[in-house]
Every structure is written in structure tokens, then in C-alpha cells.
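Working notes, beginning with the structure itself.
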Amino acid sequence: LGEERAHQIVVENTRALAERIEKVVPIKDKLYTPNMEGANEEIREMSYRHAKQLYGEELPQIVIDRLEKELESAIGNGFAVIYLISQRLVKKSLEDGYLVGSRGSVGSSFVATMTEITEVNPLPPHYICPSCKKSEFFDDGSVGSGFDLPDKTCECGTEMIKEGQDIPFETFLGFKGDKVPDIDLNFSGEYQPKAHNYTKVLFGEEYVYRAGTIGTVAEKTAFGFVKGYLNDQGIHKRGAEVDRLVKGCTGVKRTTGQHPGGIIVVPDYMDIFDFTPIQYPADDQSSSWMTTHFDFHSIHDNVLKLDILGHDDPTMIRMLQDLSGIDPKTIPVDDQQTMRIFSSPEALGVTEEEILAKTGTFGVPEFGTGFVRQMLE
């Protein structure tokens with residue numbers, strides 16, 4: 001070819017070809033959240049509006065300080081949209097008549113409380129007057145929970161509300177406030193599909209997918225496979241060789257599925273294929289949802305995952321409300337008769353001899369087993 005021609009083919013042409021190829025990062029290195037116009041302003045306005053409804057126009061300094069600290073982290077790190085999405089989902093469920101339970105550390109966010117994502121108030125224990133808005137805080141550690149405060153009547157003659165669980169914000173977003181908010185919500189099991197479909201209304205069907213899972217071969221299952229194969233083939237192997245074969249089979253992909261409540265939301269300025277291929281769960285083409293082909297743990301730092309979980313409690317509360325006509329939000333959380341069932345069945349109108357138990361917790365979830373009742377006794 002000659003030196004000049006060879007240089008053109010080997011060096012110049014390859015460089016020219018490389019320059020025509022756009023820069024591609026196959027694995028994303030940051031979180032890409034959806035765009036919601038005015039999310040920062042809406043979360044700030046909503047937080048202060050509700051705070052003033054609760055604590056009055058002249059907010060206590062402790063309320064202002066906590067709100068500003070949290071809003072600075074949430075807005076500064078681009079997390080306001082995550083709060084707003086959760087708020088919309090909870091609001092929709094409440095409008096449709098089902099309470100939503102928050103789980104995990106979201107209860108330590110006062111902004112989440114003020115935007116009505118959670119009912120847990122993380123401020124130090126305090127009294128609030130629903131009439132004149134006077135408040136009294138106990139931030140010296142003398143009281144563990146606002147629910148433990150004694151009943152108190154305000155100077156204006158109104159019975160005061162007892163609030164505050166004294167939970168630091170750092171348990172939610174970390175010491176630097178830059179941890180991605182993990183807002184897990186318990187929706188009624190019978191309402192959960194509607195909550196899932198509402199995400200399609202919020203973002204569009206082409207931007208929401210079920211979080212995919214990959215089922216792998218467990219160690220015990222792999223051992224069964226190896227032993228079964230060797231027995232069928234009449235092959236004898238030493239224990240060390242069996243262990244080696246088992247180790248090689250463990251963790252191998254077996255099937256695909258979907259997370260029970262995880263919804264992946266792709267921002268409208270990107271494509272799902274920027275993050276993961278998609279598929280039908282377990283290749284079921286009749287499914288109304290597509291799932292991520294990659295296990296969601298592999299991409300959860302790059303794309304937003306909503307945890308819209310199903311739970312029996314909101315369903316039971318709705319059923320009890322329909323049967324009794326009592327609004328569950330009006331039930332006092334420090335009701336003495338209710339608390340007494342943890343130490344005696346008398347509040348239920350029965351004796352220890354009649355139910356053969358020293359407590360009245362048979363019907364309370366997680367408290368009816370012999371082991372837990374023994375601890376209570």
C-alpha cells in the first residue's frame with residue numbers, strides 16, 4: 001500500500017470513524033428523576049401552608065428551623081419531585097377513601113408530615129392548641145413521645161393536641177442530607193392496582209414500568225440438582241467435587257419476576273433503554289405491565305423507584321370505618337382503655353379466666369402469639 005496509504009487507512013480513517021460516534025456511557029453514574037414543573041416551589045409552599053394551619057401564622061422557631069433544614073436538603077439535591085410524587089399518590093388514595101401507611105424512615109421527615117405523606121410528626125414532643133395555635137415544646141429529652149404527655153387544656157379553654165416523636169431528620173436523608181429519599185407507602189391491598197395505574201396517569205404509560213427481579217438458583221436447590229444428576233447418571237464424585245459443582249450452579253438465573261410494589265419511573269427526557277432492556281414478567285405477554293430486564297437493585301441508584309406496596313391494615317381500617325361509622329383519624333392514639341388491653345383483658349369486658357390469658361391482645365396483629373403475650377405478662 002505504501003506508507004502514506006497505510007497511514008491513511010490505519011490512523012486517519014479510524015480516527016475519522018471514531019469522531020462520528022457519539023459519546024456513550026453504558027452505565028449511568030447518577031440519579032435521573034422525572035421533571036415536574038414547579039416541584040421545588042410547590043413543596044416549599046405546601047410545607048409552610050400546612051405548618052401555618054397547624055401552628056399559626058407566627059411559626060415557632062423550632063418549626064422554621066426544621067423546615068428550612070429539610071427543604072434545603074430536599075430542594076438542593078433535586079429530591080423535591082420525589083416528595084411531590086408521593087404526595088400526589090397519597091392524596092389520590094385519601095380522596096378515594098383509603099388511608100395510606102408510611103413505613104421505614106419517612107416518618108423522620110417533617111416536610112413529609114407537612115405535605116401529608118405521613119402522619120408521623122418527628123418534632124420533639126409538644127402540645128398544640130387547635131383554636132389559638134399556641135404550642136409548647138419539650139426538647140430536653142424529658143418526654144420520649146408526644147403521645148405520652150398528660151392531657152392539657154389551653155388557656156383559651158380548648159383541649160390541646162399532643163404531637164411529636166422526636167426523630168432526627170438524619171435517619172432519613174443521612175448526615176449530609178444527600179441520601180436518596182426512600183419513601184415506602186402501604187396502600188390498601190384492594191386499592192394497590194389503582195395506585196399503580198395512577199402512575200401511568202401522572203407520567204404516561206411509556207415512562208413507568210414494574211421493577212423486575214431475577215430469580216436465581218439457591219444453594220440447597222443447586223445441591224439437589226447436582227446430586228440428582230449424579231445419581232441419575234450413576235456417577236460417583238467426592239464431596240469436594242460435589243461442593244465445587246454446587247458452587248458453580250448457585251446464583252444462576254432461573255426465572256424473572258417483578259417486585260410486589262416497585263414502580264420504575266423514567267424521566268421524559270430519557271428512554272427506558274438508557275437504563276435497561278424491558279420484557280414481560282416471566283414472558284407472560286398477557287400482562288398489562290412491562291418489567292425491567294435488569295434486576296432493579298442494579299439500577300436503583302440511577303432511576304427513580306416508587307415503593308407502592310399493598311397491605312391489609314388500610315383495608316381493615318376502611319372496613320371497620322364502614323361498619324362502625326367512626327372516622328379512624330378521630331380515634332385518640334393515647335386512649336387509656338385501648339392501652340390497658342396490653343396488660344389486662346378487663347377493657348374488653350372479659351376476665352382472665354374466661355379467655356385463659358392475662359392480656360387482651362389476642363386480636364392485635366403481632367401481639368397474639370404465646371411468645372409475645374408471655375413478654376407482655
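Please read every residue number as a count from 1 along the shown chain.
Any Cβ shown, glycine's included, is placed from N, Cα and C.
Annotation comment: TrEMBL describes 42-223 (among others) as domain 'Bacterial DNA polymerase III alpha subunit NTPase'.
The domain 'Bacterial DNA polymerase III alpha subunit NTPase' annotation in TrEMBL covers 236-310 (among others).
Annotation source TrEMBL lists domain 'DNA polymerase III alpha subunit finger' at 313-377.
Helix, strand and coil counts from DSSP across the domain 'DNA polymerase III alpha subunit finger' (313-377) read 34 helix, 0 strand, 31 coil. Residue counts for the domain 'Bacterial DNA polymerase III alpha subunit NTPase' (236-310) under DSSP (helix as H, G, I; strand as E, B; rest coil) come to 20 helix, 25 strand, 30 coil.
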